[in-house]
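The block underneath contains the structure these notes are about, expressed in structure tokens.
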Amino acid sequence: MVLYKYQLDWRDADVTSGCISCNERRLSLDVAPICSAVSQVKPKKARGRCLLNSLLCCLGKRHGHGEPRQASVPTSPVPNNNNNGCGPPEENGVVTKVYPEQLQVLQLVCPPNKSLLPEVNHSDRGKKCIVIDLDETLVHSSFKPVNNADFIVPVEIDGTVHQVYVLKRPHVDEFLKRMGELFECILFTASLAKYADPVADLLDKWGVFRTRLFRESCVFHRGNYVKDLSRLGRDLSHTAILDNSPASYIFHPDNAVPVMSWFDDMTDTELLDLIPFFEELSEADNVYTAIYQQRNR
């Protein structure tokens, strides 16, 4: 199904350089990247790309229709040496460099020993914790008008209100309801709260997500926003992460349940197919054994 001629994958932009490199991709089976510098594209398109980059996560590249990027990163946990888990400061959604004299300020904002999550709710005691990504895992969003959008979310950027068109991944409702029954569910996205929070309000009608974490809770590591599970304050042997981007979980790959990136395929059954595995995971002694066995089936 072709919803519109071109689609920007905001994950393809280098946010640290202010949209220096972006890819425009066709919504077809024979997708092919077209790399262009900002100076080679029309100002209107360049601005649209930068708006997307300022709102949404920039974690991986789309190498094929619905395929997550294979990140060139270590397959074992990487020490967290990035400002005690704090990402770089932002001005109008653009990431700026962090200089040594700024580190003390960042440490005050994000104390190293403070957990990102509150204490476990009484109703969730005894349950494992599952961290769930938003973009390309549960939904796909675009500034380009989409006729069959499930939600249209107004977002203000630099004093101008923009409409974000959001498509829900097939079977996301059934998936979220079941996950809420089985786990303590945490939404963790590298997108900005001004976009992701209203999307979550519309998506999560059942209050499945006990806590929502946004870009400021990520660790900015080697150009990627990484979700450091060790900062959650949960037992890692009872914590799993569902994410379409390998860069998101490079610190804890053994806790990860990969999922294919989703953009517009309405015949997709990935979330539905994952439910039986998560039902098994909820009863397992630890997530490591269950995830390892799943990968080697």
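Positions of Cβ are set from backbone N, Cα and C atoms, glycine also.
Listed in TrEMBL:
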type	residues	note
ACT_SITE	D133	active site, 4-aspartylphosphate intermediate
ACT_SITE	D135	active site, proton donor
DOMAIN	123-281	domain 'FCP1 homology'
REGION	68-87	region 'Disordered'
SITE	T189	site 'Transition state stabilizer'
SITE	K227	site 'Transition state stabilizer'
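In the predicted model, residues of the domain 'FCP1 homology' (123-281) average a pLDDT of 98. Counting every protein chain shown, 30 other Cβ atoms lie within 10 Å of the Cβ of T189 (site 'Transition state stabilizer'). Looking at D135 (active site, proton donor) and K227 (site 'Transition state stabilizer'), their Cα atoms lie 14 Å from each other. Using a 10 Å Cβ-Cβ cutoff, the residue listed as 'active site, 4-aspartylphosphate intermediate' registers 24 neighbours. On the backbone, the CA of K227 (site 'Transition state stabilizer') and the CA of T189 (site 'Transition state stabilizer') stand 8 Å apart. Listed recorded positions: D135, K227. The one with the lowest count of other Cβ atoms within 10 Å of its Cβ is D135.
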